[in-house]
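Written out below as structure tokens is the structure these notes cover.
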């Protein structure tokens, strides 16, 4: 049985990780443990690079907390221009898989608060009246009226980040370069 460390205690993220591992390895083939670790980036990362660094840093910190595990999973949501998205980083042994989620264009009323230094989740809570938006459907769930959720969008990206660990083509050695 695989021991999977989720570098988060957020239920929406842990549910997405559970769905992805169910799809790839099957129910009952792993156990997930959530740990609260620092991302090393601001609470609201801005830009793809900063957001990706946050996800990688979460994995690094989770590995330090639980080095005996088999998988470490980091998810970091960010803002780039007028879009929200997230990076998924998964490590297993000495390999890494990464994927970026789908993006959602945000309305100006939300972006205004973000430009003033507030987090997307806090802005969504004020506008929607839902205090724990980030732990439920997220901005995605609110704006799509539940057709998509934070969990469903992250699930898809996590499936892509898991590909290097189960697709045999990723295990094949690179062909050697021909002599010149």
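Any Cβ shown, glycine's included, is placed from N, Cα and C.
Annotation source Swiss-Prot lists substrate binding site at 8, 9, 10, 11, 12, 13, 68, 69, citing sequence analysis. Residue 11 (substrate binding site) falls within a helical segment according to DSSP.
Reduced to three states, the DSSP call for residue 38 (Mg(2+) binding site) is coil. Sequence annotations record features per position, and here Swiss-Prot assigns Mg(2+) binding site to 38, 68 based on sequence analysis.
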Entry from the binding-site residues list 38, 68 having the most other CB atoms no farther than 10 A: 38
Packing count at residue 11 (substrate binding site) (other Cβ atoms within 10 Å of its Cβ): 15
Binding-site residues compared (12, 69) - the one with the fewest other Cβ atoms within 10 Å: 69
